[in-house]
Amino acid sequence: MKLVLKPLVVLLAIMFLTAIIVGCSNEESSSESTGNTEETAEAEQTDEAEESAETVADEMNDSSEDAVDYPTEPITFVVPAGAGGDTDLNARTLGKYLEEELGQPVVISNVTGAGGTVGAREVLDAEADGHTALFFHNSMLLNKILGLVDFSYEDMKLAGIAVLDQGNTFMVSADSEFEDLQDMIEFASANPGEVSIATEVGGFTHLQLLALEKDQDIELNIVDVGGAADKIAALLGGHIDIVPTSLGLVTEYVESGDMRSLGIMAEDSVDLMPDVPTFKEQGVDSSFEKFFFLGFPEETPDEIVEAFSTALEKVVNNEEYVAEANKFLVSPTYMNPQEAFDYMQETEAYYTELSE
Amino acid sequence: MFDLFLEGLTSVMTFKTILFILLGVIMGLVFGSIPGLTATMAIAITLPMTFGMSQMDGMAILMGLYIGGVSGGLIPAILLKLPGTPSSIATTFDGYPMAKNGEAGKAFGYAIVFSFLGGLLSIFILMLVAPPLATIALKFGPYEYFAITIFALTMISSLAGSSLVKGVLAGLMGIGLAMVGSAPIDAFPRFTFGYSGLDAGFNLLPVLIGLFAVAEIIKASERKIKKEKSIEYKMKGFGFSLVDFFKQGWNGLRSSIIGVAIGILPGIGGGTANIIAYVTAKNQSKTPEKFGKGIPDGVVASESANNAAIGGALVPLIALGIPGDTVTALLLGGLVIHGLTPGPLLFQDNGDVVYGIFIALIIANVAMIAFLYFGMRFFTRILSIPKYILLPIILVLCVVGAIGVNNRMFDAGALLLFGILGYLMLKYKFPVAPVILGFILGPLVETNLRRGLMYSQGDFLPFLTEPIAAVFLGLAALSIIFKIRDNHKKKRKKLESLDNTNNGI
Amino acid sequence: MVKKYKDIYASVFLLVVSVIMFIATFSIQKLTVSKIGADFAPKLVAIGIFILSLILLINTIKQVKNPQAVVVDNEDDDDEKGNQPISKLSVLGTLGLLIGYVALMPLIGFPIMTAIYLFLQMYLLAEKAHRNITLFLIISVVSSGVIYYCFKSIFHLRLPSGILG
């Protein structure tokens, strides 16, 4: 009995103690501040002066923080992907500039696992005070379509889209027999299942392959090789014929002469990569854009989302940021919450159609 | 090459850069030496702080952290039987018994010197032959990975302790635990029982720290702890003679090579390198029965392998831009943010920075051995803090580390769960190390088996006909056959001796 | 002697686990296209655990029935410190503390729970003669505060602040 009682008593004692400590520290700070005003008041010697000082302070508060007091603490970007990948890189680059705009640190928190669903769920369940945001991409839509989760972008408050990556490409090794996309398609239709092509099952690239197979009525050997880095290794090691990836991730290998691009899946040729032909030009009707969006938990107040979105717009139009992002061949593009919602809805419909 | 070396040397040899390396090493050692906090976490936390620094300074501090973080783990491993990081699991096997025999100083001496040598060797390998080695590593596809991980799994049998059956059971439990969460490739949930928190499965760090550290802390609560008399450890130099050193030469070299080799292969990583080197040392030893009771060979094998894995893991990163584990993935991110794109052109375009990194690694390695050598006396004094104060604080840090892995409370719960499991395993005399091996290697075996079958479109044959794969599968088969024969022999011997004694009565 | 019964408990427990595992594998979805689906390896592991724990069970029963053949287990119980008996109550107390600590942390917050946990755990672990309440209190509060401050404010780790936040 004693053994049980004692800790209980102690526990209570501690709770009291902490309560007292907390209380004290509050009191201290409040008494300090009142002490300060008293001092100034004494120095000013007049009540009027004190009053006017207060009103001035109030006004300053009002004007500087446009109704919402946000952000008041560091903002966490939950990135549902590992550190070092392109999602992480885009989040960090954007975060660096947003930090300046918002006046609070932006902390990148990598929450990996289960195709990004763990990180996304983390944000849905987070406190809706605008200090936890999700930075994610197309897989948000795919995870819902594939039935991995039962939530999607509609269950969040979108803050907008920040970055578009139009460099979704098929890479082959430099000594590949496929000179262009048509070469590959011809070979594939003559030899069904012979061309091996890498993907992550259920990922963005998987969808691209399904689209291609549908559009050209060919059969490819779709092989899961893992994430972006694994894909590069598989292609360099000669284990696979084609790797769909983002051009920005492989520029180094193109320059070194290890890989070639068969084209990008963009609507029109992209300014950042003028020499690369599009799939459309080569007779394949398939276009994909990777988008990176930011979202908050559903109950987040509109004013906060607005404040954030405004800051986001400023950053995306910041030339310095654009220049830095362009180095990885992605295009910062701002869409406001409504535009982003419409864009994602449209994209979702397209994806659903493809994966059926 | 020599020009580049000089260029790199001049870019590192500034007061500020060296200061950053030292700072990195110290912080790394602190993180490494606290169970639950790891090199990965230290680097993840520091990475954003390097954005404002110059390329060289940023890389300097990160390399310092990497070396320090991996090396720091040996301190609690030897003193408290708690592995500070995944890389120092095997160090506890013999390091702690040595300390209990009053040889903590000697254990530190071996651990520090061979950490240094293993690290240095791997850095030289990285400097001299990274590109060709990386090209060889690229030849490893799913068939080869499958075979090599199967071979590594057979190592479980040598970690089994007194009962082979229990060892293999523990290994299977590890594999089973790793299956919780999304399946590889198609991401279907397994063993989540509808609880979405389990979707991502268990993370290695809570599993490891739970099984090894939390379990030990629960075990410590079995008895009231008295204030122990602080033991004065004799410490003269590194605690061993030149003859002793040369006796360990081959062991250290072999373990370093194992460390480098495992480090190079993406995915397997430092957490297994030390265990596999330990097992190899035990199997090759003339006195395998002394392992686990405080033999320096065990400490040497573990510590030279884990530091050698650093250079190994950097090989594919620097040469090809392919990260092999979480630490190198973070470093890749760091390089890119500093405007360097790792890949085949890195040597060509940024040779000065690459050589700067090499030199920073060497300096960090030297700083590591210096700090640890002069710190030895200080570390042993940690033991004079009563354990009833030390252990709860370590536990809190384990919880912090677990939360920090993925920024989720879930991992703190997992940490506890595995702490309890580890404690039960201790009580029921199941070996714990095979769980870790199974946990790390199991998913690799499955993923690569299924990937391989996708490549071959359902054909099993390539697993046996690809030469590298065939060799490793053959080795695996041999290793199992030997172990079973060994086991039979031992049993027969024991029975015979029993018969003799019975006859004697 | 106790050890053998322990092995029986353990093997029976693992038998049950393996059966549950095997049943659970049937609810794993699988793509019809791939030969080896997500359920293949789990089934294999479940069967493996079943067979091995069965072997363990049979071996142990054999040993219990035929104590002569028991190979003396001279694997030393490493941390046998003196003759002090193991206190199950103390172990259960620690487990309770740990579970309470982690379970209440999201509600009450890291700093308070840590201070409470540290204090109680030290109190529980220490020999009566060494129980120094003031020292423990100071250490608990200070280390909790230092750890919280370091990781939350300097390293931006998301530790729950709870009612203090």
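A Cβ is built for glycine as well, from the same backbone N, Cα and C atoms used for every other residue.
The annotation domain 'DUF112' is assigned in TrEMBL to B:18-437.
Sequence-distant contacts of the transmembrane segment (B:20-47) (same chain, six or more residues past either end, CB-CB distance under 8 Å): 12, 53, 57, 60-73, 75-76, 82-86, 205, 209, 212-213, 326-327, 330-331, 333-334, 337, 360, 363-364, 367-368, 371-372, 375, 379, 394, 397-402, 404-405. Annotation source TrEMBL lists transmembrane segment at B:20-47 (among others).
Marked as transmembrane segment by TrEMBL: B:59-80 (among others). Sequence-distant contacts of the transmembrane segment (B:59-80) (same chain, at least 6 residues past either end, Cβ-Cβ under 8 Å): 12, 17-18, 20-35, 38-40, 42-43, 46-47, 50, 53, 87-89, 91-92, 95-96, 98-99, 104, 107-108, 111-112, 115, 119, 216, 270, 299, 303, 306-307, 309-310, 327, 331, 334-335, 338, 353, 356-357, 360-361, 364-365, 367-368, 371-372, 379-380, 382-383, 390, 394.
Sequence annotations record features per position, and here TrEMBL assigns transmembrane segment to B:107-130 (among others).
For B:142-161 (among others), the entry in TrEMBL reads transmembrane segment.
Within the chain, the transmembrane segment (B:168-188) has long-range Cβ neighbours (under 8 A, six or more residues past its boundaries) at 153, 156-157, 160, 198-202, 207, 425, 430-432, 434-443, 445-447, 450-451, 454. Among the features that TrEMBL reports, transmembrane segment is placed at B:168-188 (among others).
Beyond the transmembrane segment (B:200-218), the same-chain residues lying 6 or more positions past its ends with a Cβ under 8 Å from any Cβ of the stretch are 35-36, 38, 80-83, 86, 89, 92, 177-182, 271, 391-392, 394-395, 398, 401-402, 405-406, 411-412, 414-423, 425-426, 432, 435-436, 439-440. Positions annotated as transmembrane segment by TrEMBL: B:200-218 (among others).
Per TrEMBL, the feature transmembrane segment maps to B:257-279 (among others).
Summarising the annotation, TrEMBL assigns transmembrane segment to B:327-347 (among others).
Taken from TrEMBL, the feature transmembrane segment covers B:353-373 (among others). Sequence-distant neighbours of the transmembrane segment (B:353-373) (same chain, 6+ residues past either end, Cβ-Cβ under 8 Å): 4-5, 7-9, 11-12, 17-18, 21-22, 24-26, 29, 55-56, 59-60, 63-64, 66-68, 71, 74-75, 108, 112-113, 115-116, 119-120, 123, 126-127, 238, 307, 310-311, 314, 318, 340, 346-347.
For B:385-403 (among others), the entry in TrEMBL reads transmembrane segment.
The transmembrane segment annotation in TrEMBL covers B:409-426 (among others). Below 8 angstroms of C-beta separation, residues 170, 197, 202-203, 205-207, 209-219, 398-399, 402-403, 432, 435 of the same chain, each at least six residues beyond the ends of the transmembrane segment (B:409-426), sit close to that stretch.
Residues or ranges marked as transmembrane segment in TrEMBL: B:461-484 (among others).
Two recorded stretches are said to be in contact when at least 3 C-beta pairs lie under 8 angstroms, sequence spacing 6 or more; the transmembrane segment (B:257-279) and the transmembrane segment (B:142-161) meet this definition. Outside the transmembrane segment (B:461-484) by six or more residues, the chain places 139-141, 143-144, 146-148, 150-151, 153-155, 157-158, 164, 449, 452, 455 with a CB less than 8 A from a CB of the stretch. With a threshold of 8 Å between CB atoms, the same-chain residues lying at least 6 positions outside the transmembrane segment (B:327-347) that come near it are 39-40, 43-44, 47, 50-51, 55, 58-59, 62, 66, 131, 313-314, 316-321, 353-354.
For the transmembrane segment (B:142-161), same-chain residues at least 6 beyond its ends with a Cβ under 8 Å from one of its own Cβ atoms are 167-168, 170-171, 265, 267-268, 272, 275-276, 279, 282-283, 292, 429, 431, 433-434, 437-438, 441-442, 444-445, 447-449, 451-452, 455, 462-463, 466, 468-473, 475-476, 479-480, 483.
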